[in-house]
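Per TrEMBL, the features are as follows:
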TRANSMEM  12-33  transmembrane segment
TRANSMEM  53-71  transmembrane segment
TRANSMEM  92-111  transmembrane segment
TRANSMEM  117-137  transmembrane segment
Amino acid sequence: MTSGVRAQQTRTALQLPLLVTALVDAAMIVVFAATGRRSHDEGLSVLGIVDTAWPFLAGAAVGWSLTYVYTHIGTTDQPGSRAFRPERVVPYGIAIWFFTVAVGMALRAVLHQGTAAWFIAVATLSLCVFLLGWRTVAARLYHLVRR
């Protein structure tokens, strides 16, 4: 692929403000936590949802931080440059999803909040749908509108 084609793809790719992307990720994790609590009849109190969601929110923060740092290692990009594109599924969304699940489960294990195999599987798949799904839908809608 030539650099001209690469530059054209960069200009036509979906670009969201970092704050919007972070807030949508956080909202998806909260929806995941609320859905899980509701399906287990645990109630939907704000504190209950926060208690369920916070390990995964912490994991997402780790994922965001590590992908940001990785993006800028060995580059001359200034902090805040747009080289970091967390709204993209590949590679950022996948890395953020991975760390959301891995760190979230590690925190739950350390705090004895439960990490049964079925929960790990359901959480992994659900967070995949939530965290990668919104990115995929947003990119598809953006490209449909750009036509």
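Each residue, glycine too, has its Cβ placed from N, Cα and C.
Here the transmembrane segment (117-137) has long-range neighbours at 24-25, 28-29, 31-32, 35-36, 56, 60, 87-89, 93-94, 96-97, 100-101, 104-105, meaning same-chain residues at least 6 beyond its ends whose C-beta is under 8 angstroms from one of its own. Sequence-distant contacts of the transmembrane segment (92-111), counting only residues of its own chain at least 6 positions beyond either end whose CB sits under 8 Å from a CB of the stretch, comprise 25, 29, 55-56, 58-60, 62-64, 66-67, 70, 84-86, 120, 123-124, 127-128, 131-132, 135.
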